[in-house]
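See structure below.
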Amino acid sequence: MLYLIGLGLGDEKDITLRGLEAVKKCEKVYMEAYTSLLSFGLSTDGLSTLEKLYGKPITVADREMVEEKVDSVLSEATSFDVAFLVVGDPFGATTHTDLVVRAKELGVEVKVIHNASVMNAVGICGLQLYRYGETISIPFFTDTWKPDSFYEKIQRNRELGLHTLCLLDIKVKEPTWESLCRGKKLYEPPRFMTINTAIEQLLEIEQNRGESAYNEDTNCVGLARLGSEDQKIVAGTMRQLLAVDFGAPLHCLVIVGTTHPIEEEMLNMYKLKGESIDHKDHRTA
């Protein structure tokens, strides 16, 4: 059997009791370290806090393994119990949905154990979860590639008065173009998009598109290290958030839609000193 187990967002103690019981009875344990950041991962002595808690070794499944070599993991799951650990919730990324589909095709039984993810933990900022529209992902710009296909999604959300959760790019074990051309993989250093970079890119897209989906005065919420003891949440305009140091990753951004009074009360708790959010329709702000 393949156990797909969510670890939550904070540290090794966020795993559920059901998840912990499943891990302890599995013969092999894999830790997915591609679609999210393992903020409580391998320690300096090479033994992870997770291994100490579980009492067994963990194999880190990087991007290459998850996307290209996962069949070997599924083959093992036909003979004995295998745990595949995921930061957040198992279905927080389409990669894991594909894993379940491939397991089913091979006749491997799958059991999913859920946990908290950014998709529900973002409720801490006070914006009601049922008032969010379509979630978007913002990739890093390059000199030759500046995608803006998500612009229309933000635009539609704001026309409906809905909030937009923006998931920010993660680059882990990305091969360099030069190494791909030479046929030998060399990898870029890990990069994690900051809220500041995301806003800069969003404003550049708006300047190019000129359709007034948002602007520098649009209210947003920046969230860093959501679910951790040192999480940071700041509400303000895009212009204001550009000047905030949100610290270490991971970051995400919410573009605020139309707010209700109770939402505004919560948002004001996270406003920069001396600022407040007024009760109004933020589609044009």
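Glycine is treated like the rest: Cβ placed from N, Cα and C.
According to TrEMBL, the domain 'Tetrapyrrole methylase' annotation covers 1-241. The predicted model assigns the domain 'Tetrapyrrole methylase' (1-241) a mean pLDDT of 89.
The S-adenosyl-L-methionine binding site annotation in TrEMBL covers Leu9, Asp89, Gly92, Ser117, Val118, Leu168, Leu226, His251. Other Cβ atoms within 10 Å of the Cβ of Val118 (S-adenosyl-L-methionine binding site) number 20 in total over all chains.
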Considering each pair of residues in Leu9, Asp89, Gly92, Ser117, Val118, Leu168, Leu226, His251, all listed as binding S-adenosyl-L-methionine, report the largest CA to CA distance in Å, no decimals.
17
